[in-house]
Amino acid sequence: MASISINCFFTPQALARPSRTRKIFAKPDKVSGRTRSPRKTKLQREVELKSRGGDKLQPVSDAGGEATTYTRLPPREDYYDVSLLSSSYLKVSEEVKLSESNVARVEEKIETLREIEEEEKEKEVKSYDDDDIWGNYRRLDVFEGSSRSIDEDDEDWEDEVFEYGDETDAEKDDSEGSELKDGEVLCFSGEEEEDEIGVKEKGVPAVMRCFDRAKIYVRAGDGGNGVVAFRREKFVPFGGPSGGDGGRGGNVYVEVDGSMNSLLPFRKSVHFRAGRGEHGRGKMQSGAKGDNVVVKVAPGTVVRQAREVGSEVEGEEGEEKEVLLELLHPGQRALLLPGGRGGRGNASFKSGMNKVPRIAENGEEGPEMWLDLELKLVADVGIVGAPNAGKSTLLSVISAAQPTIANYPFTTLLPNLGVVSFDYDSTMVVADLPGLLEGAHRGFGLGHEFLRHTERCSALVHVVDGSAPQPELEFEAVRLELELFSPEIAEKPYVVAYNKMDLPDAYEKWPMFQETLRARGIEPFCMSAVQREGTHEVISSVYELLKKYRAANAEPKALFDQANENLDHVAKKIDKERRAAINEFEVFRDSGTRAWHVVGAGLQRFVQMTNWRYMDSDKRFQHVLDACGVNKSLKNMGVKEGDTVIVGEMELIWHDSANGSSRPTDSNKTSTDSVRWPQWK
């Protein structure tokens, strides 16, 4: 098959839209003594496509007029060569002999076409690099390179092949792979890659997570900026300032939602930001308040402030983080972060001495923090025990809960809650916790993730598997894990329920188990949760313990009333810190440098709210530094000409004037060349 080689030079414009080159193919008159058919059959095109792609044809029997065809495709040569297969394998493969010679003739015809194609490729002009061309673009040969079969009648078909740049890594890999000898198999081992990357530590699968811990980011809204405006009205020549104040930023609230039983919503929603207050306007119009944001949590959520990255307390395992809020009952609502105050407009700065103030404040930035949320289920009774002891079955019998029940350990992966009703006004919430193993207090198994849920339970039910080899040891192991995790949990009242009495093994071991526990002063109960036998006695006994516990510990209600009164104590504390007096500050010097730091919550807030676009703001700032005693403290500590004074986010340069007065000036300000104001450095 003939082709035309075209040499072309690429320019940047040509690369953007290369010209299309038509290829002209010469039609051979005869191939192997036969006239070529006007159109190729589908079989011919597929075989020709395979031959052009570089794949070897499958072996054909040498017998004249007969071809060997497999009922299934032979193995790919990318993995191993067919020639390596033994003759026994070929005999086992099912074969079909074709008496007609059509297939053999097609194969013969294709071999002839391949020979002609190889001869034509040898005559083609190879591409070469032309280093003398500006732009260092490559001189290329456009030649036949299509792997698609071409019909005679397909005259409008065009093929274009372009190369640009050096050979890619993928092409190099392909060329290296093509140099393998016949019969060679290239194997890749994942051990080297595993050694380089290392074994990553996997966490608990998503299906096994309770989502009782979460870390979220909350930020109150910033206050709106004040505006500098003046009254412009007909027949009012001196209207005076009319700039309004900015609106207050939105608050961040935490509210208990009774419909939630986990912290799953915080898996994807992590950031909670309140709206910013609107800026002030003319005509004494104040900006609107920003939108509040409400973070809804499940009952029993404990809110702690997360440790900041790089803090000194980070990494200390023994120290508990401070508890900000403990929300137990649905409907509780606490103000966590108050919004920033809006900046004042120029109307707020007018006075008898300054009737035309050209000054306004920025809005106060809203506070922000990272919070650690921990959920402790609020349940009256907790069901504990070893895996596959029948805890979920007991919960499904005594309540309307439908936990997953199966005859294998760790069927329960998440805590389940159920409500048990005795009378119209007598109910109790029962929690089914996953099974505990030896070492659960150290994090072994699933127990460490859920043991803390028992801290809020008033009573416990120990379910013992009667079919276990030694039920007494199983009971003692669970008790030991509870004591090691928290001695307070071990001191809570509990009831022992000996389960699976419907099994012969459990029935035989019951007398010995009962005698062992009675010797320790414990009266156990026997039951069969599957048969619903003995469960009423167990729950009735637990309910009696619960009533006694509530009567003896009547202070939780008082604590609840006190908590309702102090739910906003976090916001009050933050607001008090932000309202610190401006004269409360500390000055210290960096060792080895000429930098002085003035640290104070009031001063930092003042610097942040100062709008430095107005010259009156600079004058006011210098006056505040003199009034609160910053300049005096710096001179007493030995500040010198040219030293850097850092107040909040501002860096100033200290200068001593000729008349003996000293003051820091802003190092970031440009020169104003004003007669009234000194030149800013």
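Placement of Cβ uses the backbone N, Cα and C atoms for every residue, glycine included.
Among the features that Swiss-Prot reports, region 'Disordered' is placed at 25-72 (among others).
As annotated by Swiss-Prot, compositional bias 'Basic and acidic residues' applies to 43-55.
The annotation domain 'Obg' is assigned in Swiss-Prot to 208-378 on the grounds of sequence analysis. Summarising model confidence by region, the domain 'Obg' (208-378) averages a pLDDT of 86.
Under the heading domain 'OBG-type G', Swiss-Prot lists 379-547.
Around the Cβ of Lys391 (GTP binding site), 31 further Cβ atoms fall within 10 Å across all displayed protein chains. Here Swiss-Prot flags 385-392, 410-414, 432-435, 499-502, 528-530 as GTP binding site, drawing on similarity to another entry.
As annotated by Swiss-Prot, Mg(2+) binding site applies to Ser392, Thr412, with the evidence given as similarity to another entry.
What Swiss-Prot lists as domain 'OCT' is 577-656, and the listing cites sequence analysis.
Marked as region 'Disordered' by Swiss-Prot: 657-681 (among others).
Taken from Swiss-Prot, the feature compositional bias 'Polar residues' covers 658-674.
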Among the binding-site residues listed here, Asn388, Ser392, Ser528, which has the most company in the form of other Cβ atoms within 10 Å of its Cβ? Ser392
Quick note, Lys500 (GTP binding site): same-chain residues at least 6 apart with CB under 8 Å of its CB -> Gly390, Asp465, Gly466, Ser467, Ala506, Ser528, Ala529, Val530
For Gly385 (GTP binding site), the number of other Cβ atoms found within 10 Å of its own Cβ: 26
Inside 10 Å of the Cβ of Pro434 (GTP binding site), count up the other Cβ atoms and send me the figure. 28
